[in-house]
Amino acid sequence: MTDKEDLKKEKKGKGKSKVVCGYPISIFFIVVNEFCERFSYYGMRAVLVLYFKYFLQWDDDLATSIYHTFVALCYLTPILGAIVADSWLGKFKTIIYLSVVYAIGQVALAVSAIHDITDSDRDGTPNNMTFHVVLSMVGLFLIALGTGGIKPCVSAFGGDQFADHQERQRRTFFSVFYLCINGGSLLSTIITPILRGQTCGIHTQQKCYALAFGVPAALMVVSLVVFIMGSGMYYKAKPEGNIMMSVCKCIGFAIKNRYRHRSKAHPKREHWMDWAEEKYDKLLIAQIKMVLKVLFLYIPLPMFWTLFDQKGSRWTLQATTMDGNFGQLVIQPDQMQTFNPILILTLVPVMESVIYPLIKKCGFNFTPLKRMTVGMFLAALAFVCAGVVQLQIDKTLPVFPSTSQSQLKLLNMGNKELAVQLPDNVLENLPPAQANEEYFTFTEEEVSISIVTPPLTKTIALTKGLRQTLLIPSDINQEWVLIDDLTSKPEEGNNAIRFVNGLAKDLNVSTSAEDFGIIEPFMSSNYSLLRNGQHTFSLMSGSQSCEYTRKFGFGSSYTFFIPSTFTFGPNCQESITEVEEIQPNTVHMALQVPQYFLITAGEVMFSVTGLEFSYSQAPSNMKAVLQAGWLLTVAVGNFIVLIVAEIAKLPKKVKLEQREASKMLAELSVTRSVSPSILKWAEFFLFASLLVAVCVIFSIMAYFYTYIDPTEIEAQFTEKKEEKDEEEEKDEMKKIEVQMMKRDSIKSNDSDDGFKQSKM
């Protein structure tokens with residue numbers, strides 16, 4: 001081939017697309033499309049579990065179940081997308097149609113997060129939650145169908161744009177394509193949690209989930225528009241049939257044929273797939289055997305994905321009970337997932353260029369299956385770390401009353417010390433304008449509380465399942481007021497704040513974010529939720545005013561008492577009493593970094609190596625089958641999480657029944673309640689133990705696995721087929737020669753008969 005011909009080939013690719021720097025222009029549209037689509041998907045998924053918990057008001061188990069059901073569907077639908085593209089519509093039309101479905105789903109999810117649609121009483125909470133749940137579920141189903149359906153098509157469609165002589169450019173394209181996936185994931189997991197943290201609304205300001213879902217929806221629309229813009233430049237290969245269908249039909253025929261010949265009269269065959277030889281080519285059967293050998297190794301793999309995908313559910317929920325203050329930077333719970341794409345972009349080149357070569361130099365044969373085993377073990381270690389972190393969190397969580405208990409705190413509103421006697425002769429000394437530190441827990445519905453000096457006894461009616469504060473006025477003969485406290489930590493890391501007015505006149509308290517309103521003498525305000533950070537409170541009574549500044553962390557609850565001795569002025573905050581009811585989150589989010597590092601290192605060693613191993617052990621025309629099998633392991637892994645989350649609900653139901661029974665049988669006056677979150681650490685350790693067990697099974701399977709070269713096996717069958725074809729051709733030639741000889745013989749006999757007749 002001449003240099004001029006080479007130059008012509010470089011300037012021309014497939015289809016109508018022009019070539020710039022050796023690359024078809026059409027692939028730039030595909031790369032931008034992939035970046036926008038991945039931003040849309042991972043951005044939506046980053047805040048999804050918090051949307052379930054805080055907007056739809058589901059508990060942790062239900063939120064986890066629906067989240068993993070959605071993820072599982074996202075990894076099941078690629079099989080459907082591949083079959084539709086290869087057998088019916090082709091890749092281009094499949095991407096277009098399913099992207100439209102995808103965009104509609106994103107828009108539906110964003111609309112479902114607008115609380116004002118059904119907030120008829122304008123209190124910030126939707127009044128028709130069914131509408132929001134149904135619309136969000138429809139949206140998620142359409143998203144799963146869209147993102148899963150186009151997943152196997154986009155990368156393959158991009159590869160189709162290159163001609164055979166552009167192998168180097170094709171490899172570069174796939175590298176850039178993978179970079180776009182991680183780049184979109186990284187940016188979206190940073191940006192969408194920030195958007196979620198904003199407040200928006202027409203009548204009331206709430207967390208802006210609509211904006212957090214709306215931006216990914218807009219990016220999906222942009223992705224679709226960009227892809228359509230390049231439609232005139234694409235090379236659009238016609239559908240040629242799907243190899244998965246052929247494989248399924250061949251396996252089905254082998255099973256059916258084996259069942260028909262199950263009697264002992266028929267001789268056994270070396271492999272059960274050999275029963276398909278009556279109908280299918282031996283090469284196809286050999287290729288399926290190789291694929292089945294790899295798929296057998298896939299059986300234990302779903303357990304890895306069971307652990308891995310919980311970083312978007314259980315780990316995010318864990319982060320909501322932690323302190324995200326990193327000095328000048330405040331990390332949202334759903335932003336911790338950002339560590340995964342950052343570490344992937346860092347660890348992949350480090351592993352390939354440093355770790356693996358170093359291990360090889362040490363003389364250790366670190367085969368792909370050994371790498372995968374180590375990756376599974378690292379994921380198990382990550383969950384051990386998560387369990388240890390959860391144990392530390394549980395130590396800081398308050399102990400709330402059960403349904404058969406009540407808890408009480410005492411606040412002395414006077415300016416003299418009080419000696420208070422509680423049931424079981426418990427004596428508590430209350431300093432002036434102070435409250436006792438810990439809550440008292442009771443099982444009785446009524447308790448007698450006595451003041452020692454001057455002597456006074458009052459019977460207080462408590463409410464089961466509640467925490468309450470008893471306001472004891474300076475004149476103990478006046479009415480004692482009982483106010484309800486929180487029985488759970490404030491959601492989304494907010495701080496619940498209220499004020500108690502000990503002055504003999506009305507008090508108005510406000511901040512830039514909230515207005516506590518006018519508080520009557522010896523009464524309290526309602527709780528108001530404030531974000532972490534510094535807040536300045538303005539206290540006004542008539543013409544007098546002062547400002548009180550306080551910095552808050554995450555997830556705390558405080559009551560601020562304004563005593564009767566309070567004086568307005570620049571130093572007024574010194575006389576304000578602070579009563580801590582729920583302490584702020586003290587376990588730092590930085591403790592999650594080791595578990596993210598271990599799970600990502602495990603992903604690099606397991607996932608990247610697993611795909612590489614699968615491709616090296618499968619025939620060239622069976623890559624799609626293995627890709628479908630690999631995605632199926634991800635789906636099954638998420639279904640396992642779903643099953644465990646559903647099982648986790650059973651002990652809670654039993655506890656509720658036990659608590660009801662304990663109302664009649666309670667004998668102890670003070671007991672300790674068990675928080676449901678205490679079970680979380682056990683769940684983390686359970687998953688880690690299961691993965692270690694699966695890791696051992698997989699290592700045994702890997703030990704007995706024999707590596708093969710599919711190209712050699714295919715070549716042997718090709719040679720045999722060629723030899724057979726040659727023999728058949730020779731046999732055919734011999735038959736033709738015999739027929740020609742017969743014809744010649746007949747002709748000679750006919751000429752002899754004619755000669756004899758003419759002579760006669």
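In case you wondered, yes, glycine gets a Cβ from its N, Cα and C as well.
Features reported for this protein in TrEMBL:
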TRANSMEM  20-42  transmembrane segment
TRANSMEM  62-83  transmembrane segment
TRANSMEM  95-117  transmembrane segment
TRANSMEM  129-150  transmembrane segment
TRANSMEM  171-191  transmembrane segment
TRANSMEM  211-235  transmembrane segment
TRANSMEM  290-308  transmembrane segment
TRANSMEM  339-359  transmembrane segment
TRANSMEM  371-393  transmembrane segment
TRANSMEM  624-645  transmembrane segment
TRANSMEM  684-705  transmembrane segment
REGION    718-760  region 'Disordered'
COMPBIAS  731-760  compositional bias 'Basic and acidic residues'
The transmembrane segment (129-150) touching the transmembrane segment (62-83) per 3+ Cβ pairs under 8 Å rule: yes
Touch test for the transmembrane segment (171-191) and the transmembrane segment (339-359), at least 3 Cβ pairs under 8 Å: yes
Positions on the same chain near the transmembrane segment (20-42), where near means CB under 8 A and six or more residues out: 10, 13-14, 99, 102, 106, 143, 147, 150, 154-155, 157-158, 161-162, 166, 168-169, 172-173, 176-177, 180-181, 183-185, 187-189, 216-217, 219-220, 222-224, 226-227, 229-230, 233-235
Cβ pairs under 8 Å between the transmembrane segment (211-235) and the transmembrane segment (95-117), at least three: yes
Region pair the transmembrane segment (371-393) / the transmembrane segment (290-308), three or more CB pairs under 8 Å: yes
Close approaches to the transmembrane segment (290-308) from elsewhere in its chain (Cβ under 8 angstroms; 6 or more beyond its ends): 247, 273, 369, 375-376, 379-380, 382-383, 599, 602-603, 606, 610, 613-614, 617-619, 622, 625-626, 629-630, 632-634, 636-638, 640-641, 644, 687-688, 690-691, 694, 697-698, 701-702, 705, 708, 710, 713
